[in-house]
Amino acid sequence: MKKKALNVFKIASTTLASLLVLGIVFIYILNINKFAGLTGDDFLYHFVYTGEWPAKNGARTYQNLWDWVQAIYIHMTQWNARLTSIIFEIAAMQIPKSLFNIINTIMYLILGLEINILASGKKFIFQPIKLLITYLLMWFFLSGFGSTVLWVSGAANYLWPTTIILAFFIPYRFNYRVKVYYSIAAWIALIFGIPVGMSNEVGGATAIVIIGMFTFFDRLGGNFNDLWWKIIGVLSNAIAFVVMLKLSSKSAETQNYGVHDRFAVHVVKVVEGTWTYSGPLLLMTLFLAVGLIIVQRKFWKRVFSEAARSELERTMLSGMIFLLGGLVGVGAMIFSPVLFPRLWFAVNVLLIIALVNFLGAYEMYSEKSLLSRIILMGSALGLLYLMIPSYQTHMNNLKKSYNVFYTHEKLTAQARKNGEKTVHLPGMPVTTDLYNPYNGTPYIMPGNSKKLWSNVWMAEFWHVDQIILDNDVAVQNSGQKDFNLITSVNTFYQKHFRPMKSNSKLNQTDASGVSVKDGRVKDIVTNRIDNGNLPADKPWLRNALIRYVNAKNGQVVGTEKITSPINEEYDISNASFAGYQTLKKNPKKYIFSESKNQLIDIKVKPKSKRVTIYFNQSTKGEKKTTLVETRDVDAKVGQVVTVGAPVGFKFLRNDTTQTFTIRDQSNEQSFNVIKLPLIERIQSEIWIYYAIAIIMVLIVLDLGIAFFKKSRKNIK
């Protein structure tokens with residue numbers, strides 16, 4: 001009775017802990033979703049798709065099912081044939097953004113649950129630590145998070161279809177056996193294989209490999225009808241995938257991205273991209289796989305035999321299949337003309353599934369030893385420690401972009417109310433933050449707005465005739481706040497774990513990559529005057545030196561020489577210096593004396609201004625530069641601004657920071673940057689690999705202990 005009560009308590013407590021994890025993740029992901037505005041293709045997919053540009057008689061909204069059929073057909077024949085993604089994209093843009101945020105957050109939760117189900121089956125709800133680790137891994141390794149999770153069109157192409165793909169994997173992963181109604185199972189496999197195959201290129205290709213391998217390894221020891229419906233699913237997936245490729249091969253999208261690098265250069269880029277977006281995850285997964293194979297020496301022999309597999313062997317095999325699927329996804333990128341970070345989304349999802357499977361196998365082999373529990377708990381706490389500041393950093397970047405989008409919504413709404421047809425809107429800052437949906441997606445552009453694709457669709461969406469980029473328009477603050485839980489966690493974290501201090505030489509810029517401090521004006525003669533301009537035949541003339549003094553720090557920021565006869569009254573009420581505002585309490589007139597060194601102090605204060613900083617990537621052998629990021633800094637004339645290079649880049653002289661002084665003459669500042677070599681990117685994050693090494697050493701130690709225990713038990 002006591003043991004039964006203890007089991008009930010354990011089940012209840014672990015279930016509640018898992019539900020708590022799901023609740024907290026829901027709050028965090030919903031919070032970041034509400035700060036992600038619309039961008040790029042979002043505006044287009046709100047309307048019936050008739051092509052890249054609006055129809056001559058104007059864009060029209062969806063009114064009936066026939067509109068959907070027409071739009072999907074035109075899209076599949078003209079742009080791409082990702083049937084599943086097209087349906088999701090259209091559907092997502094027919095609902096309010098607030099409702100999309102909730103649905104998208106639920107999809108994110110479903111993806112994490114499916115990853116755990118594919119590792120642990122029904123027992124996932126009793127494993128809150130692994131569930132937490134899964135969502136933390138998703139935060140760090142869902143490649144191109146902004147364009148695959150937060151961007152409406154991106155989520156419809158990557159996050160949402162992936163939930164269907166993983167659901168399709170479940171009966172294959174657990175070798176589901178249909179006791180009756182085999183034909184129904186075959187029809188279900190046939191129908192669901194189509195949206196999986198026509199989801200996206202990487203997802204569809206890897207799905208064929210994964211369900212094909214599960215079908216191959218489970219071909220023996222069961223009823224032929226069970227093998228039959230699985231084969232139907234594989235064939236349905238494969239045929240749908242081939243149809244998608246065939247329809248897309250001559251599409252406008254393929255032609256748009258159809259220029260390849262040289263093969264060797266492209267392969268190098270795939271390898272570099274894999275290390276950048278998947279490196280630590282792939283390293284952990286491979287290491288754990290090798291460790292498990294070493295201690296399970298008969299694993300491959302038993303896998304290829306007709307003998308029934310144990311739960312441990314089944315879990316290890318599942319991890320191997322998903323790992324191979326991820327590597328196949330990387331290989332498929334060799335044939336992709338472009339290598340956007342979002343291409344690694346499906347790869348990293350498969351690697352996370354493989355890693356969680358291997359963690360489950362490790363627990364089983366070590367029989368849930370104390371060390372295994374400590375390792376899992378320590379890993380979860382370590383990832384959580386890194387995730388909290390990471391979340392806040394990316395949120396700070398995203399909020400700046402959202403304020404611009406919010407300004408666009410407000411100004412266009414006001415224009416419609418006033419009957420105005422042309423709206424001037426501020427530009428969206430360029431960013432390299434992969435958690436920002438505005439990274440790499442088209443938005444408002446300068447030029448003839450009637451001929452700019454993004455401007456045209458934004459005008460259609462907001463029901464105005466013309467949208468014009470105008471950076472003189474002020475950006476408004478949305479006033480939207482984080483959820484209270486997130487604010488409280490950030491406050492607690494900063495107070496107890498990572499107080500913000502700037503005494504380190506490495507911390508020369510703040511979280512935005514910019515810091516501002518007062519500068520010093522050099523080489524200004526302020527205590528004597530040059531009288532060389534006074535003619536000898538006019539002894540009644542005198543010079544006076546006006547010194548413009550910063551009222552805040554007493555620094556002389558500029559000088560001006562004036563000339564007048566002795567005892568004459570001189571009007572200095574309009575005295576001013578570029579970049580500074582003359583204070584009202586200054587003298588309005590000055591009477592010249594006989595002194596030959598007359599000084600007049602005029603108190604001023606520096607003007608505030610916004611300067612846009614442009615970071616342009618230079619590529620060896622090419623004269624043309626590419627804009628990779630912009631930052632806005634609010635500062636006063638004369639202040640010195642220190643800027644850090646964008647993530648993954650450095651300045652031309654190998655510096656990580658540069659400084660410049662705010663001048664009155666310009667509102668722009670440009671810097672050329674170069675991409676960090678792969679080895680330098682690894683070195684900049686070397687502590688991550690040290691942490692992985694420590695965890696792996698502990699796991700090997702625990703596996704070794706378990707191996708020797710089992711060996712001794714077998715000898716006895």
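The backbone N, Cα and C atoms fix where each Cβ goes, glycine too.
Those TrEMBL annotations? Automatic predictions, nothing curated.
What TrEMBL says about this protein:
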TRANSMEM  7-30  transmembrane segment
TRANSMEM  99-119  transmembrane segment
TRANSMEM  131-152  transmembrane segment
TRANSMEM  158-174  transmembrane segment
TRANSMEM  181-198  transmembrane segment
TRANSMEM  204-220  transmembrane segment
TRANSMEM  227-247  transmembrane segment
TRANSMEM  275-295  transmembrane segment
TRANSMEM  316-337  transmembrane segment
TRANSMEM  343-362  transmembrane segment
TRANSMEM  374-391  transmembrane segment
TRANSMEM  687-708  transmembrane segment
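Listed as Cβ neighbours of the transmembrane segment (316-337) (distance under 8 Å, sequence separation of 6 or more from its ends, same chain) are residues 118-119, 173, 201-202, 205-206, 209-210, 213-214, 217, 254, 257-260, 266-267, 270, 273-274, 278, 282, 285-286, 289, 292-293, 296, 299, 303, 309, 343-344, 346-348, 350-351, 353-355, 357-358, 361. Spatially, the transmembrane segment (181-198) is not adjacent to the transmembrane segment (99-119); fewer than three Cβ-Cβ distances between them are under 8 Å for residues at least 6 apart in sequence. In this chain, the transmembrane segment (7-30) lies out of contact with the transmembrane segment (343-362); the count of Cβ pairs under 8 Å, excluding pairs fewer than 6 apart in sequence, is fewer than 3.
Here the transmembrane segment (204-220) has Cβ contacts under 8 Å with residues 165, 168-169, 172-173, 175, 196-198, 226-227, 230-231, 233-234, 237-238, 240-241, 244, 303, 306, 317, 321-322, 324-326, 328-329, 332, 346-347, 350 of the same chain, all six or more residues outside its ends.
Only sequence-distant pairs (6 or more apart) were considered; of these, at least three Cβ pairs between the transmembrane segment (131-152) and the transmembrane segment (275-295) are under 8 A, so the stretches are in contact. Listed by sequence, the residues of this chain that lie at least six past the ends of the transmembrane segment (7-30) yet keep a Cβ under 8 A from its Cβ atoms are 101-102, 104-106, 108-109, 112-113, 124-128, 131-132, 135, 149, 391, 483, 485-486. Counting only same-chain residues 6+ beyond the ends of the transmembrane segment (275-295), those with a CB under 8 A from a CB of the stretch are 137, 141, 143-144, 316, 319-320, 323, 326, 330, 341, 344, 347-348, 351-352, 354-355, 358-359, 361-362, 365, 648, 678, 681-682, 688-689, 692, 695-696, 699-700, 703-704, 706-707.
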